[in-house]
Amino acid sequence: MSLVETENSLGLTESGVESPGEAAAEIKAKKKRPGILWYLSLGWIGIVILMVLFADLLPAEYDKPIGESHLAPFQSWPEFLGTDYLGRSTLTRIALGARTSLIVATVPVALGILIGGLLGLASAYFRGTVEAIVDIVADALLAFPPLLLLLMLASAFKPPSVWNITAGLAVLAVPGFYRLTKANAIAQSKREYVVVARAMGAKPGRIMFRELMPNTVAVILSYAVIVMAVMIVAEGSLSFLGVGVPDPEPSWGGMVFKEKDALEDAPGQVFIPCAVLFLTVFSLNVIGDRLRAKFDVRESNL
Amino acid sequence: MWRLLGRKVLHLIPVLFLVTFATTAMPEMMKLGDSSKTPVAAKLTPDMTPADVKALEKEYGYDKPLFERYTDWVGDAVTGDLGKSIATDQPVMESIKERYPATLELAVTALLIALLVAVPLGVWSAAKAGRLPDKIMGGMSSALLAVPPFISSVLLVYLFAAPGTLGQVFPNTGWAKFSEDPGGNIEYLILPAIVLALAEIPQFLRLLRSDMLGTLQEDYILTARSKGLSTPYVLFRHALRPSSFSLITISGLTLGRLIGGTVIVEVYFSIPGLGQSIVGAIQANNDVPVVQGTVVVIAVGYVLLNALVDIGYMLIDPRVRAR
């Protein structure tokens, strides 16, 4: 593959194709130089983490009015981001909403990696019947359009709460991680070191956890960052439909849901949570893409 | 090839079974969390005794064990009977028939818009690979990927459908049937379809760009160039077709996903489609038959569409067939 940068409008280099060595060198160089976006993204995620940690130190409480409703943002402190339709501090609610987002982003992903990863390793090692059965269950879960599956689970586990939604999202996360782990572990299990380990008489547990797992974990973790972004969007979507995290518990999607009818009077109250969610998802995507480019087996030059 | 086809079809059976079975088991899932919950909550009144609730459950067949309910349900479903709504007593099949045209119209329009935007931009991006237009489009598609439909809905409504900002170009929310009011139908359709399309454009663009980059390395492109053909001609007549293979596959899959993914815009723009009825049924005290029936129809359609795309791909591409 040659990444092309010359005059020719069709994107061909003058000499035709670059040598593989050159192309590889170019890719390596690209990997080494993280752009400004990478640092901005890390910075934003840092801010989100600070919000999660220090939300309680903010002067206003999240469920008590502090002034008139729909105060405009950027006017005064502590109503720095204005107030919502009940006069509650938007700043506090955004900061605590970060906590909700953190829970729905990390817990399902951790469960997905744990359950999906273990099943994936087992499938990759044993193949045959084990793989066939788990595959069918995973395919059935993936057969539902994701939001519909979530809605169905939300409907079964009413009334909604952060933890119910987290459980639903975990169900959503498992099949993806299962497929990814399985594919990577199968690719690894054909490599020499696994064959050697098997020839030396290593037991299944040893091969799965000491040989296959360490060599798939980097890919899984870089994928996990992207899935975290997906989970935050999914929770936001559910809350936006009014079947997510219930008020007064703050959630970014829920804040948009509650304020969307006041779009013309107080656009700030709608767009602040939107902007925060966008920046978070965008940053996670940037970080995840870079990690993936670094660790993905398909793209690295083995 | 026939064996592969047979395997695909055989694989469908357990998947379809699990999908339908899981939805039938919804009342059991509800009771798992809280045993006092009942699938007939929509019909409850405060003065009902537990015995009344039991009788009501019996009337709707929820007293039977899960497996019996499942076989009953399958038996009814193959004859086109998906039960009836507990809240309104409307047959679920009737409500689906009323509502699917709006959802389908929305999904197809969104797909067309997405392709109309993504194909020229993807080709342009590949032609200018590594240079400014490509970088701008790369950046824009990364940004778009981080805008979920619910954010683009409120943003677009604020910009184009509220009196305050850029003027009220489109009606705010609502729906008109195409058969009754074609002009109104299109007016109502445009914003929600754009919202859905925006979410699909980045992945289409990226896919076409990378496939196109591969095609542009081929010798016959060089030949075409050296014959003196114009750049747009070479790009669109020689390079686009062989590069659009995976784009077509993904479009098929996307259509299936869109039919299930229109929920957000249907609710926000109050479009009477399938997604809206699911959310409505959940909010109205969990109308289990409606949720179950509608979800199953969409999920089964999605599974079958995916299988068709797979099989179609196999028929067209000899390389897949040989595998």
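Using N, Cα and C of the backbone, Cβ positions are placed for all residues, glycine too.
Summarising the annotation, TrEMBL assigns transmembrane segment to A:36-55 (among others).
According to TrEMBL, the feature domain 'ABC transmembrane type-1' maps to A:98-288.
Within its own chain, the transmembrane segment (A:102-126) is flanked in space by residues 48, 52, 134-135, 162, 165-166, 169-170, 172-182, 185-186, 188-189, 204, 207-209, 212-213, 216, 220-221, 224, 227-229, 231-232, 234-235, which lie at least six positions past its ends and keep a Cβ under 8 Å from the stretch. What TrEMBL lists as transmembrane segment is A:102-126 (among others).
With a cut-off of 8 Å between Cβ atoms, the residues of this chain six or more beyond the transmembrane segment (A:133-156) that come close are 119, 122-123, 164-165, 167-169, 171-172, 174-176, 178-179, 234, 237-238, 241, 243-244. If you look up TrEMBL, you'll see A:133-156 (among others) marked as transmembrane segment.
TrEMBL lists A:162-181 (among others) with the feature transmembrane segment.
According to TrEMBL, the transmembrane segment annotation covers A:212-234 (among others).
Sequence annotations record features per position, and here TrEMBL assigns transmembrane segment to A:270-288 (among others).
Pairs of Cβ atoms less than 8 Å apart link the transmembrane segment (A:212-234) most often to A:270-288, out of A:36-55, A:162-181, A:270-288.
Sequence-distant contacts of the transmembrane segment (A:162-181), counting only residues of its own chain at least 6 positions beyond either end whose CB sits under 8 Å from a CB of the stretch, comprise 100, 103-104, 107-109, 111-113, 115-117, 119-121, 123-124, 134, 137-139, 141-142, 146, 149-150, 153-154, 216, 219-220, 223-224, 227, 231, 234-235, 238, 244-245, 249, 251.
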